[in-house]
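> Here it is, the structure, as structure tokens.
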Amino acid sequence: MPLPAIPDEVKQVFGKYKTFKAFIPTQYEQEYLYGVRGVLLIETFLWMFLQTFVPVAVAGSQDTNGRLYQRILRKTLSVLFWNENLLYGSIIFLSARSIAIPFLKKPCKEQIARSVMTRGITLWFPVAVALAIVKLAFTGMGLHYIYEFKESTRNHSMAVPYGLPNAFAYFNSVFNLFWTTRNFNVQAGSTAFPTQTLWIVNAIYSQSYTVYMTMVIIPYTRSKWRVQGAICFILAAWWVQSWAWFTISGLLICDMVMNMNFKAKAQAGIPLVLPLGAFRKSDGCPRRIPVWIPAALCITGGLLMQFLWTAWRPDLLNKEYFAHSNIYYTAGLNYDYEEHHTQARADNYLYLVGFFLLLETYHVVQRIFNNPFLKFLGKRSLSYFLIQPIIIYTVGIKTFSQLRSQHVNFGGSCTVTLITCLVIIVPLAELFYRCVEIPSKVGAHKFYDFITS
């Protein structure tokens with residue numbers, strides 16, 4: 001029996017959608033980066049869900065007393081797979097690694113102008129819509145059920161969202177997300193959002209201009225100078241605890257990959273040059289160290305510090321910021337930074353440098369992240385990031401509370417809540433992607449074409 005024919009009207013709708021989507025000119029050739037975004041999306045969901053319902057299993061959690069398996073998860077898998085600080089650093093690092101690609105492929109004034117003009121619109125519109133959904137949802141449902149859930153589960157790690165009192169406060173919160181350059185995680189736009197993670201969009205947006213202002217010199221300077229200058233920049237940014245040391249590192253890797261033939265040179269190994277020509281080959285050439293050795297050392301060092309702070313000395317987890325100068329709040333060392341901002345951590349930085357060295361050097365690692373499913377998720381990562389905490393804090397908490405009130409055991413309640421959230425998040429995130437995120441990208445580029453025509 002032949003399959004029923006697809007109506008012409010449906011074909012026309014899908015044809016227009018493909019044409020609409022194809023208008024976006026920033027198509028990247030390094031698609032394995034989408035796969036990395038997909039992995040980060042999965043880890044972000046795990047962190048949001050577990051932080052809400054199983055906080056004892058989360059690294060850095062304020063809840064440390066719970067079932068044995070939860071404490072084991074916190075001290076083992078959580079450090080790598082649902083680690084809040086590592087996720088923040090990874091997102092900022094990956095953003096800097098990605099957004100310079102169009103300009104480095106075509107270094108001209110039109111490309112930099114397009115990037116700067118469209119960046120804000122493509123982020124602002126989805127964030128404004130997501131925050132409007134939050135405002136409407138909590139205006140209708142209230143926040144009392146979240147307070148009750150927090151008290152009944154004794155969850156000291158999750159935060160009850162701030163209730164935006166009116167439309168004017170909503171407008172100001174959206175505006176400040178794309179205006180402020182510090183105090184990211186204490187502004188209303190972030191505290192009103194479920195899981196209070198919207199500040200990362202603010203950080204990414206502000207750090208985008210660090211990339212834009214730095215990358216314009218790339219076509220006009222020597223490669224050696226760029227590397228040396230970037231290292232000095234990274235050290236200075238580390239000292240003042242700015243996210244710029246993650247950002248410039250991501251940009252430097254992008255520059256090396258696209259302009260310095262990094263992959264071929266890295267696969268050849270790092271030349272080991274010692275004084276007096278020691279440890280050379282018989283033909284006089286220096287011996288070379290495989291890149292995976294320093295990469296593995298960086299990854300091991302970063303993860304080892306994280307494991308030690310999580311499993312052995314959790315009281316030292318956030319003490320690193322005392323060693324830095326404070327760029328905004330004090331004239332001396334950094335004594336109150338933690339109250340205003342999430343810190344850029346050295347252990348996460350080491351891990352990310354090692355990971356990206358492996359990713360950019362070895363084809364087999366790139367093939368892993370070229371997985372179609374991961375790339376599919378990666379292209380929709382912003383939509384999922386904005387939708388999943390809303391569903392967890394509305395449908396998820398309601399479902400969990402209802403199941404517990406009917407005396408369903410904790411494990412069963414978590415499982416049903418997880419399935420319920422996934423069933424709702426997947427179609428809603430896809431709808432948000434097609435109806436909000438893609439139109440915002442297309443609209444941004446059309447707006448640029450309009451004002452420059």
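Keep in mind that glycine also has a Cβ here, set from the backbone N, Cα and C atoms.
Positions annotated as transmembrane segment by TrEMBL: 38-59, 80-103, 123-147, 159-179, 199-218, 230-248, 291-312, 349-369, 381-398, 410-433.
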> Which sequence positions outside the transmembrane segment (349-369), separated from its termini by at least 6 residues, show Cβ-Cβ distances below 8 Å to it?
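Sequence-distant neighbours of the transmembrane segment (349-369): 32-36, 38-39, 86, 89-90, 93, 97, 245-246, 249-250, 253, 256-257, 262-263, 266-267, 291-292, 294-303, 305-306.
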> Do any residues of this chain, six or more beyond the ends of the transmembrane segment (38-59), have a C-beta under 8 angstroms from a C-beta of it, and if so which?
65-67, 70-71, 73-74, 78-79, 81-84, 87, 90-91, 94, 153, 155-158, 195, 197, 306, 310, 369, 371, 373-378, 380-381, 384-385, 388-389, 392-393, 396-397, 400, 414, 417-418, 421, 425
> Looking only at the recorded stretches 80-103, 159-179, 381-398, which one has the largest tally of CB-CB distances under 8 Å to the transmembrane segment (230-248)?
80-103
> Would the transmembrane segment (410-433) count as touching the transmembrane segment (199-218), i.e. at least 3 C-beta pairs under 8 angstroms with sequence separation of 6+?
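No; fewer than 3 Cβ pairs under 8 Å.
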